[in-house]
Structure formats: C-alpha cells, structure tokens
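As structure tokens, the structure follows; a few thoughts come after it.
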Amino acid sequence: MALKSDDTRWGALARTFHWLMAVLIIVLGLVGLWMTGLSNSPQKIKIYAIHKSVGLTVLALVLLRLSWRLFDRRPRDVPMPLWQTWAAHLTHWLLYALMLALPLSGWLYNSASGYPLQWFWAFNLPSLSGGADPALKSFAHFVHEWGFWLLVALLAAHVGGALKHHLIDRDETLVRMLPLLRRRQAAPIPAPAGTAVAEAAPAAVTAPTSDKGES
Ligand code: HEM
Ligand code: HEM
C-alpha cells in the first residue's frame, strides 16, 4: 500500500491520519460532554487531564497532517455536480479549521482559568494567557463548546455525504478512504471491437475510478 496518495486513492499515511484522528476526536467529544457533569473528585481531575493530553495530541497530529497534505496530493474528485464538489471541499477545510480551533480553545480555556497544563504527566506546556483572565476564559469556553456543536453539524453532512456516495451513487469516494476494503468492481475498459487487444484483454483490467460515470 503506497504511502502517498495518487490520482484515484488516498495514500496509507493520509488514511491513517484520517481514521486515527476521527476516532480520537469523536471519543474526545463524548468524554468532554460526560466529564463536565461529574462531581468533583480526584477521578474527575484525572479524566480532565487525559482529555487535555489527548486533545493536545490531536493538535500535534493535525499540524503533522496539514504538513503532509502540502507535500502529498489528493485524489481527483469523483465526478459529481460542481456545487457538491465545492460543498465537500468547504466542509473539509472547515473540519481542518475546527481540528485546530478546538484544541487551541481548550488550551486557552485552561490557561485563562489559571491552571497549569501537562502532556500525559511528561512535560509542561506554556500558558497562552499569562495567567487567569475571566473574560478570555468565557470566550475560550464559548469557542470550545459551540465549536464542538458546529463540528457535530459538519460531521453529519460529511458522514451523510460519504454514505450517499457509497450507497446511492455507488462510487469510490468512501472505499478509497477506507483502510481495508477492496475497490468496487469497475466496468472493463472498452477496447475497439475486433482489435487484438479487445480479444486478449484480461477481465480484471478496469477503468480508472474517476473516469467512472463520465461515460
Ligand atoms: C479536538 C480536541 C477536543 C475536543 C473535540 C474537545 C471536546 C470537548 C467537549 C465536547 C467538551 C464539553 C464542553 C462543555 O459542555 O462545556 C470539552 C470540555 C473541556 N475541554 Fe475539550 N476538547 C478538545 C481538546 C481539549 C484540549 C486540548 C483541552 C485543554 C488543553 C481541553 C480542555 C477542556 C476542558 C478544561 C473542558 C471542561 C470545560 C468545563 O468544565 O466546562 N479540550 N471538550
Ligand atoms: C465515520 C466517520 C467518517 C467518515 C465515513 C468519513 C469519510 C470520509 C471520506 C470518504 C473522505 C474522502 C473524501 C474524498 O475523497 O473526497 C473523507 C475526507 C476527510 N475527512 Fe472524513 N470521515 C469521517 C469522519 C471524519 C472526522 C471525525 C473528521 C474530522 C473531524 C474528518 C475529516 C475529514 C477531512 C478533513 C477530509 C478531507 C481530507 C483532505 O482533503 O485532506 N472525517 N472523510
């Protein structure tokens, strides 16, 4: 499996980033919603600390992912109406923006609350606010909480779009991002009738993904 993406398929690294981060972000959101309702205890402090450390890991991962994205290419868009292509690209870039804004606002909220910040009990991170700041704290909390609900709305469109491509349009959009599934069986490349190539063409030769539907 190639590390880099090509014209028709996401590379191994892009797919690893996508699914690793998708799982981490969904778990962080669920744990975030649950932990705020816990009553004060050493266990709650521990869960908050883990939430913050995993959130900071997501921040590091998205910076690595965006750097790789500058270097890597992305597969050609599957044929679809132009407005859908634009809507999908806009959603992707908003998701990247939120993958930055959520951990940064969490870090800012922690700093403006006057708390120290550690990554998995390994090392300390600097304060983003230079001490407690109630106005900044409530701004950061607003961004963290409402940014998350915006993420949920975008993910509904993102996942819904992926499922629509898979189940209704029956194209490669989802399959080329999945780590394990095989490609859909594409139509054989039509060769001119009566040519030697047409007679000898093996059944397994398939049309390039993104040409599907253009015929
Ligand atoms: C992608 C990363 C993250 C996601 C998806 C996420 C998600 C959430 C969610 C959904 C909540 C509950 C919001 C509420 O109802 O108040 C929450 C709370 C919280 N998050 Fe995050 N978070 C992330 C990263 C971080 C980071 C990096 C930090 C700190 C360094 C952090 C610190 C906090 C804190 C302190 C709270 C509790 C707020 C309160 O007590 O009201 N989060 N997070
Ligand atoms: C079950 C959940 C998910 C499914 C089924 C899914 C599916 C997909 C698919 C099929 C693509 C490729 C689209 C294309 O080839 O044009 C994609 C790209 C993308 N996904 Fe997801 N995704 C999921 C969760 C997430 C989550 C949680 C995030 C982040 C919060 C996310 C962020 C992205 C981004 C940013 C891209 C664009 C990649 C790029 O262009 O660099 N996805 N997703």
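Indices start at 1 and increase along the chain as displayed.
Every residue, even glycine, has its Cβ placed from backbone N, Cα and C.
Pulled from TrEMBL, these are the features on record:
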- 192-209: compositional bias 'Low complexity' (COMPBIAS)
- 9-179: domain 'Cytochrome b561 bacterial/Ni-hydrogenase' (DOMAIN)
- 192-215: region 'Disordered' (REGION)
- 12-35: transmembrane segment (TRANSMEM)
- 47-66: transmembrane segment (TRANSMEM)
- 86-109: transmembrane segment (TRANSMEM)
- 146-163: transmembrane segment (TRANSMEM)
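Comparison of 47-66, 86-109, 146-163 by number of C-beta pairs under 8 angstroms to the transmembrane segment (12-35) places 47-66 first. Along the domain 'Cytochrome b561 bacterial/Ni-hydrogenase' (9-179), the predicted structure has mean pLDDT 97.
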